[in-house]
Amino acid sequence: MKKVFIRTFGCQMNEYDSEKMLSVLAEEHGGIEQVTQADEADIILFNTCSVREKAQEKVFSDLGRVRPLKEKNPGLIIGVAGCVASQEGENIIKRAPYVDVVFGPQTLHRLPKMIVDKETSGLSQVDISFPEIEKFDHLPPARVEGGAAFVSIMEGCSKYCSFCVVPYTRGEEFSRPLNDVLTEIANLAQQGVKEINLLGQNVNAYRGEMDDGEICDFATLLRIVHEIPGIERMRFTTSHPREFTDSIIECYRDLPKLVSHLHLPIQSGSDRVLSAMKRGYTALEYKSIIRKLRAIRPDLCLSSDFIVGFPGETEREFEQTLKLVKDIAFDLSFVFIYSPRPGTPAANLPDDTPHEEKVRRLEALNEVIEAETARINQTMIGTVQRCLVEGISKKDPDQLQARTVNNRVVNFTGTPDMINQMIDLEITEAYTFSLRGKIVEA
């Protein structure tokens, strides 16, 4: 049985793709063993991210660490997948000639053949084409062990934000046909999955073809998935404010299985910066979406993404971002220092903000966000939360970890038979990034 080591960088789409890589290899070899140490593997895969510069360089650092393994075992297969693979292509082989296969997100289904071609010819294989929906046509049926699962409904992005490499590494937006998505979800429900997370670079751009040739939009998809037997909770990530329509907002009013959590990246509170980023909305328009959502789902948990130090960002514009964060009171958010990505329009903009100032802005924004997160968590003490038990706690192997409807992690004492089940937990303690709870006896 082939032993496979895989390291995944970046977004949840990459996590989904990594699972699919393991699936196609398992189907090819009649099963595989996933190992946690690279030196135990027959196949080593790095599923990469190019959104941040440090993530990209970390890949080459990791490749350097596995090079001695290749020297000891020439039959070892080393592969680079994901967005760095799409962006760099043949350059990866030039920089690390011991790499055997390089493939992009849309060609992961070809991995087994690429390995065979490498072993037959002795030549490294590179395939970073964009065959779009073909990828999903060649993937084996989803198999999961947990109570929650990701389902990719679309890939790529056509928004071309000035700072982002995704359109260049994953291609333009394309949607899976409606029936394909529903079949996968129904199959997962039959395996005991209770929570579905609909996945895409911009899920609210979903336009899936139906059997009659008509197009199903994202709001309609949510309503259909809501009726699939066995599915108790629905999430989605990631969405774009530009296409967050009233019909999607109304789903939060009408669909109780749609959880009270939304990740909606805004990136900045400054209209000038948003325009330079080519985001396609203003801070006021973003606030209007949030206002409508909270009017119909007051307990909605909101998270977002922010970039500080974008080229030309002034102190006043950063203060506008701080004010927006305070006004909206996000439950949680992720802040990044801008890093120019090769080939993007923003990479050509003059950037005269000192790195030390960017770090200061990062820390100042995180301080405000974390204070609000801690405050909201404190308000949950004493409440009873319906939770999906995900598995063993990452903090304490003697405890279990569950997730609330509003995406909070709760650690508690329980028994293994509770894993993948929905249970009620009373919140007893609150920390900045997690909660502690106890089982509510029936």
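Here the Cβ of each residue, glycine as well, is placed from N, Cα and C on the backbone.
Since we're looking at a predicted model, the values are computed, not measured.
Under 8 Å, Cβ to Cβ, and six or more positions away along its own chain, Cys11 ([4Fe-4S] cluster 1 binding site) finds Cys49, Val51, Thr238. A coil conformation is recorded for Cys11 ([4Fe-4S] cluster 1 binding site) in the three-state DSSP classification, outside any helix or strand. What Swiss-Prot lists as [4Fe-4S] cluster 1 binding site is Cys11, Cys49, Cys83, and the listing cites sequence analysis.
Among the features that Swiss-Prot reports, [4Fe-4S] cluster 2 binding site is placed at Cys157, Cys161, Cys164, with the record citing sequence analysis. Cys157 ([4Fe-4S] cluster 2 binding site) carries neither a helix nor a strand DSSP state and counts as coil. The Cβ neighbour count for Cys157 ([4Fe-4S] cluster 2 binding site), using a 10 Å radius and every protein chain shown, is 23.
Per Swiss-Prot, the feature domain 'MTTase N-terminal' maps to 2-120; the stated evidence is sequence analysis.
Model confidence over the domain 'Radical SAM core' (143-375) stands at 95, taken as the mean pLDDT rounded to a whole number. What Swiss-Prot lists as domain 'Radical SAM core' is 143-375.
Here Swiss-Prot flags 378-441 as domain 'TRAM'.
Here the Cβ of Cys83 ([4Fe-4S] cluster 1 binding site) has 27 other Cβ atoms within 10 Å, regardless of which shown protein chain they belong to.
Residue counts for the domain 'MTTase N-terminal' (2-120) under DSSP, helix first, then strand, then coil, are 70 helix, 24 strand, 25 coil. Note: the CA-CA distance between Cys157 ([4Fe-4S] cluster 2 binding site) and Cys83 ([4Fe-4S] cluster 1 binding site) rounds to 13 Å.
The Cβ centroid of Cys157, Cys161, Cys164 marks the [4Fe-4S] cluster 2 site; residues of that chain outside this set whose Cβ lies within 8 Å of it are Lys159, Tyr160, Phe163, Val165, Val166, Pro167, Gln201, given in sequence order.
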